[in-house]
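Listed in TrEMBL:
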DOMAIN    A:5-119  domain 'Semialdehyde dehydrogenase NAD-binding'
BINDING   A:12, A:13, A:14, A:15, A:40, A:41, A:158, A:159, A:314  NADP(+) binding site
BINDING   A:99  phosphate binding site
ACT_SITE  A:128  active site, acyl-thioester intermediate
BINDING   A:155, A:234  substrate binding site
ACT_SITE  A:241  active site, proton acceptor
């Protein structure tokens, strides 16, 4: 297989580190690897496949002779994405900067792999909660046509990066010791609490996270008729986002049939044996690449209703794994860019 | 005001203790107080209004000369409820034993206070998640007619009693220390995890807790046309249940109007100022008697949709406070029983 030159931008963060793990695990065919980050993190040493790399500060020239740039998140892709594209390097961007740009494909490989082929240099990786949801929704949509989704999320603190993880640990210790530990990363105490507020508030008092689940789902599924309403909540769990999803379909799908369809769907593992207390839980789905689906039940309050409980590792499938899968599709469909 | 003789059955448990706190706080007019429990807890000393009481083992004669028996939960009301009624003592029962019995009123004082008047000796206190939900639903139902509710819960460990609280604390410490702490009270580890399973699994793979929210809501609201579908989830929070509620109404209700109606509703506190990060959270609603409602949003995926985030202390309003309020209604409507 052809080997390519890969640059990871934001290599020192939680998602960046996971991208490196996954490139290695999946034996991604790398010729030259470059690790970049902000000046603050430049100089850090990171080992990859037995070799040490020194993290460089990202500059426009970081992308010269590179084929694929994996941007872990944040504002870097706004600043350096166009420079990378100018140099013939395809950008796979985990931030929300370009997701709703009609010129930019928004791709979940299990759902809309072909969309990578029409990229103009940038491909966006969707929001983590959205990725996890659409992997479970796609097979249902294909089988019965989804009209409406009501989703409530239970999102892990690592969605807020390493600082989110540290805040939960230190705050839990403080609470147990009777000490104060004021919130820093989150708006309120997260230890032994729930915060129904992720990202900033926008139109109609929905959060940006909630709107992402509405808008990105339609774009990924190529169906502007799918109605989605979301309530997103931070919970004191380290890793893996969970979602309670109520679905109304055009055509009837029994729970048994939904279970069969989901069991055969790419990237999905069905865990649904309630007689033996088997259902997905974030503690046991972390560090996995699949989306786990359980509590599959018909909802008889409407003609064609289904309830699902869906859990997935939002740092892996919700971010890093999905990005690396997109890179694999670029090779599969042979749609890298010509160097200028 | 007339003073009455009150017996608390299950006085040593979490709900029993809270019933005593609330009888005291609300200055309930008690003449004689008797505290009962199983033989295991008999002999325990409990102080109430500066006086020490020795907990007695419950027997049929515990109810002789008593006016009101507050049963904290479990099987005791099956064993002793009829004996209490025979002796002219009205039973207010926090267990699920009699809730769906057509001869037994199921009462939430903010919703259907008049139902206490037709009791035949037993009045049932609803399920905790249901109480918290219906207090918020009732004013919406009166204003716009509720057709359908999709609810996902986030339930605190104290819903499983003192052992649930201890299990969360000890398991969190163990996880932080890298020690094992196998689950006892819960089916799986609850520390830093979510368990989408509360009470036993029943018809259509819904749990008993989920069916309670469906069936009890209809009975309390006197409306068998209200459609409810529920997914109930245990979360690593000590106290107060939270609920993400999506509502479809007959008539349009704007978010602004819903906010006004809820702000005037009995037993409800609206906390909905997202510009200042104000919304209900379980950490700050515990040890309160009201139900807190926030994140009030129109849901435009249907003609008349609303989303709410509702939080309430399930040991107080979800159990003990509601039971004491029912006792107050018995006095208000003068519907105690004649002694035989």
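Backbone N, Cα and C define each Cβ position, glycine as well.
Features recorded in TrEMBL, as mapped to the structure shown.
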residue	record	CB count, 10 Å
A:12	NADP(+) binding site	19
A:14	NADP(+) binding site	22
A:40	NADP(+) binding site	9
A:99	phosphate binding site	21
A:128	active site, acyl-thioester intermediate	27
A:155	substrate binding site	26
A:158	NADP(+) binding site	25
A:234	substrate binding site	26
A:241	active site, proton acceptor	30
A:314	NADP(+) binding site	26
Distance, the residue listed as 'active site, acyl-thioester intermediate' to residue A:40 (NADP(+) binding site) (CA atoms, angstrom): 26
Euclidean distance between Cα atoms of residue A:128 (active site, acyl-thioester intermediate) and residue A:99 (phosphate binding site), Å: 12
Candidate nearest residue A:155 (substrate binding site) in space, where candidates are the recorded positions A:14, A:128, A:241 and distance is Cα-Cα: A:241
Rounded distance in angstrom between the Cα atoms of residue A:14 (NADP(+) binding site) and residue A:234 (substrate binding site): 18
Minimum Cα separation from residue A:241 (active site, proton acceptor), reported as the residue among recorded positions A:128, A:158, A:234, A:314 that achieves it: A:314
Alpha-carbon distance [residue A:234 (substrate binding site); residue A:158 (NADP(+) binding site)] in Å: 10
Where residue A:234 (substrate binding site) falls in three-state DSSP terms: strand
Among A:12, A:234, A:314, which are recorded as binding-site residues, the nearest neighbour of residue A:128 (active site, acyl-thioester intermediate) by Cα: A:314
Conformational class of residue A:40 (NADP(+) binding site) under the three-state DSSP mapping: coil
